[in-house]
């Protein structure tokens, strides 16, 4: 899953401002965003009171200001069954000020179905008191206390947010009225078997600072008309992305300068590149340029109290295929509360008498309901299903509703993201058996064991089947931890012959602790898979988890081989990159195993289920590739901070990693030069010049030499190169058409003058000199004063721009220039490189970029290098936090989204284990908790293809036994003849991986040689690799013609050799 990274948002405080649509000068309507600190090393551009090491990934979702507001909010969570503990876990990880756990009940067997911090020895103990020490471990910044008294008003008044879970309606109404009258924000959450309910009341005057959390859009202006209203046209490089009603501000407009620095202006979108603003008819004429930026304007939203909203509800849809269901469930849940009040228990599982009574109660509730709620026709089957499962308690439903509820708590605390207005209902009845008659009351009776809450919904047969499952979990990060927790709760792999195999090669880092909730501070540096397996064993001692530390890929196919996959019942991906996802998808298609796929990005998440012979696979559809930045934009014409940050990352690699690697290869590999000369274009020249610089021209002998190098490099990049660029293209340069060269996306730069008293200049030298020293194994220094003193004695050669230097304006120009290479310069370089014999024992130390260690100078270099270049081009700088997001390609993450997404994954798991065969039983899902938005759809069926009268999908293949009855292996000729006689197909090309084994245009001599060779011998010869003993079959790809000579698309071949 890919999307634009989210950025830090500004905080807006005070009353709700009223930005105008008139174009009058700004009157400080919105607070100004503080400029990025100039001294990245001194202040790191970070907030002193937020632990950025811990909250790093969450800060990219919420921003610093929302995070600060979160840290001033005390939250009460009432009810510590499975739903309550899920909400408490997520908000404690999120970092609120304090959490109080309230429960007057004791742990029962049924609670263990989903309450992951209760153990069998806790039966009979107070749920809040038992859970408190285990929840408190999650985040040392959040005090967690337990309270077992009544919810009296004096007690409630000490909280900013109150969360009620699994509570009687009578209590909800009483607490709701009190909270609404006192401005205390209220979240009510409830789960009943396969059903969930959520309600929010954040008061009558809540200030919403940012409704969607997306990075404010910004684009370049190409024209503004003098009109009423004025029409703005943007450069046609990309659509502006604005919506009508958005507010924007302008900067750098030439001519119509009245727009610059204006208060936010409301716009109306006219097209993908145009929108109208205010009356510009009296403004100056527009000349050129300008940047228009979206402004997040705070707005006031109002909530009804619980009692008022009960009578006049507003619903957030979770599934548009169930459009009428929220209103039906609104009646059903009220009837359920009446049933529980009358009987002091929920309806018995699958009990017809109780179901009939609930239907009667629902009719009564409906008949007395207000006109806004009353249903013309009550869905009595739905009400009966509610009765049948209401006694159940399912970990996946609690994970989903708990993730949503915890996100609502964070919205209540921070004013960030649009809250649920005000009711949300959810059901997953598709999880029930497709054979509706297979469940009976007897099968759903409690067994006095930890799975009673689940048996109440699905019966004992599924419980036994879950226990026998053998699943492969790939990844033990955020999604992996949540999956393991859910697996433990539902009993997956907990029975005889059951097993979960989890693999992850990573170790635990501090930034993981904020959302990978199975890990603790004392686990940092330990292996994720081992630690997660041990932690989940505490939650359910019956779970059988085997932990591995292997990366999945061709290199580990000897471990995850045919025998391994054939014993599996399914695979769950918990990966963070597309390549690994696609690899596992291919493996699952090949071995015909179900795959549960999911991913998150900030508040966004997605779930996909892949079922053999039924659905398409993960790789059947792909996101469009991310747009890359043109090389010439990076090298000479940046116009956004993203460009300067990517340039700084390239600088890091080109200064501190690649030259050191090339030098080490040159000194140890006699064929290095020969191999380098075979590279394309100007690469041989660039590589050998870098080796020469590292070993001859720039070889430092001391720390002072490193400081000198850093100072010279500063001048090269931020003064000399810019002066050369301006020599080639002066500020007043015109294009061949007479237009200014420096216009549109090309920003005219200016050279910088080195100033040792400028903290940013000294930051750069400190970081660059230390990293340069590190590559040579020299000791560095953190003494800024000493470095400043050294810099005063550095002699910087005078620079004069040269004539005849070619600077490429486009990537096409660059490519054509790179096609030729100066052979005489190459020969000269080869002659001047020192012989490896003369440098015995010398080696360099390449540096791998590590963004999360603030002491290693890596981010110090990136921030300084990027912001200096930004200053060259008058681009607003970025602080360390934003720089780390972009340069480090960080994926924003928050525990709430992960919990909700994994809840949905495990609902699909129920269906997979039961063997559902109807496509409409399964649900692919997408959610965005910030909006909030939920979208569910049936998976797409596997696309069908045909040759002759034979239909096939990606799940089909030709099965060919390579070993014949006489014990000899099939030759290429026999293979070709087999397809001609058995399938009436003439093979025109045959390949294995990237190796071409046969083609119709192959030279006659080579073809004659191969025809009588065994297939595996040809594969080994062409690929130059011996087949491992673990390889039992080869995947062969075919191009074929039918009998009429037409190309036909056919499946691949599984060619069995053992």
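Just so it is clear, glycine is given a Cβ too, placed from its N, Cα and C backbone atoms.
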According to Swiss-Prot, which candidate in 468, 515, 592 joins 478, 504, 528, 576, 577 at the ATP site: 515
Residue, out of the modified residues 528, 671, 980, whose Cβ gathers the largest set of other Cβ atoms within 10 Å: 528
For residue 55 (phosphotyrosine): intrachain residues, at least 6 apart, with Cβ closer than 8 Å: 67, 95, 514
By Cα-Cα distance, the member of recorded positions 528, 632, 980 nearest residue 800 (phosphothreonine): 632
DSSP three-state assignment for residue 671 (N6-acetyllysine): coil
Which same-chain residues, if any, lie at least 6 apart from residue 632 (active site, glycyl thioester intermediate) yet have Cβ under 8 Å of it: 808, 809, 810, 811, 813, 814
Counts by DSSP class (helix H/G/I, strand E/B, coil) across the repeat '1-1' (63-199): 56 helix, 34 strand, 47 coil
Rounded inter-Cα distance in Å - residue 671 (N6-acetyllysine), residue 980 (N6-acetyllysine): 47
Count of other CB atoms lying within 10 Å of the CB belonging to residue 800 (phosphothreonine): 9
Pairwise CA distance, residue 980 (N6-acetyllysine) versus residue 528 (N6-succinyllysine), rounded so that it is a whole Å: 52
